[in-house]
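Participant: Okay, here's the structure, questions in a sec.
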């Protein structure tokens, strides 16, 4: 039986895969697993969401599940995912729930749960919650024991004060175009950047519940690239639907991805003495160019599986201070327990202001090798890599690349696909090898 929880919570098409009934059951199960009876105070869970239309329905269902188990729901409304994680700690809540499908299209939605302190749950805890969903509720409280719903009007201000601490140098000399993806960053990001002194121009910051991630945000950079050049801005920043990602665009309209952002921040943090053990944590999807840049700088790279939860686990295990993903999830444990796109944007602009260098100049140490990624639909993503014909195709590709590139096969954590990624000295070679391996994978259908 497939796990209920994927790499980033429970996701699916809202009202088909992720129904109100399932959301209620998840709220109830999380309340039973994560809240502890016998508190001197009432048990509390923070609940937030992104602005997609189905969020209102799922929020109501989750809150019904929580309150039915005697847990008060502290409703913070539309806020970034990292804000919900932070507020779970700041309000000393038992746990937090974020309703969002991040960068996914509008019809999708998801539920991710943060434990005490705003930390993501481990697999064992998620599996126990899934078991409780299957079991259904037990005896429920009545009367005064039923949970209450409380709104938190200061939630956004508390989060903005928190991320504002990341600003080491005022940003008054910088003009930034911000693509908010019609998502949870639409209110928070412009306020945070303006509070730090930046001249902020916004695009895609008018959420109506239906337009989230629609041709905009960190998965559609073209509009932002054009806007930065058109306005003559110093840089652009793109967030996704729940603002846990940040990608950038330099003044020339060139995309600065998560790998390049990590290089900039790692070098800055080592200079300031903040880079613990002179180590950066990245995933297997990070470009070989990142590894080469860090090698040249004398910085070690610790590699994890794909997913910011695995980056977080490695950061905590090694007490490291910076990690992230090529997609723009950047984690700084001293400031947060999960990827925070707005925090990343502030740190990046602070570095520009401090050094008085352009983003292009700061990102110069990162030389990205051409990378080709092909998603192949398969019947069983867990067994494809063991097929002899696939192993043979991979071995041939590795022999052709030698030490000038690399190949990676991995099953998606959220879809029934296998991702074939090849990096090489030139794009033609990368594409040819990726296509050959992808064809061998597709034959396993």
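For all residues, glycine too, the Cβ spot is worked out from N, Cα and C.
Sharing the features that Swiss-Prot gives for it:
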ACT_SITE  102  active site, phosphoserine intermediate
BINDING   102, 240, 242, 244  Mg(2+) binding site
MOD_RES   102  phosphoserine
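Looking at the shown structure, what environment does each listed feature sit in?
Facilitator: Residue 102 (active site, phosphoserine intermediate) has a Cβ environment of 31 other Cβ atoms inside 10 Å.
DSSP assigns residue 102 (active site, phosphoserine intermediate) to coil, not to a helix or a strand.
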Participant: To the nearest whole angstrom, what is the C-alpha distance linking residue 242 (Mg(2+) binding site) and residue 102 (active site, phosphoserine intermediate)?
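Facilitator: The Cα atom of residue 242 (Mg(2+) binding site) is 5 Å away from the Cα atom of residue 102 (active site, phosphoserine intermediate).
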Participant: Between residue 240 (Mg(2+) binding site) and residue 102 (active site, phosphoserine intermediate), find the distance joining the two CA atoms and give it rounded to the nearest Å.
Facilitator: 6
Participant: Could you state the CA-to-CA distance between residue 102 (active site, phosphoserine intermediate) and residue 244 (Mg(2+) binding site) to the nearest Å?
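Facilitator: Given the Cα positions, residue 102 (active site, phosphoserine intermediate) is 8 Å from residue 244 (Mg(2+) binding site).
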Participant: Let me know how many other Cβ atoms fall within 10 Å of the Cβ of residue 242 (Mg(2+) binding site).
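Facilitator: Around the Cβ of residue 242 (Mg(2+) binding site), 36 other Cβ atoms lie within 10 Å.
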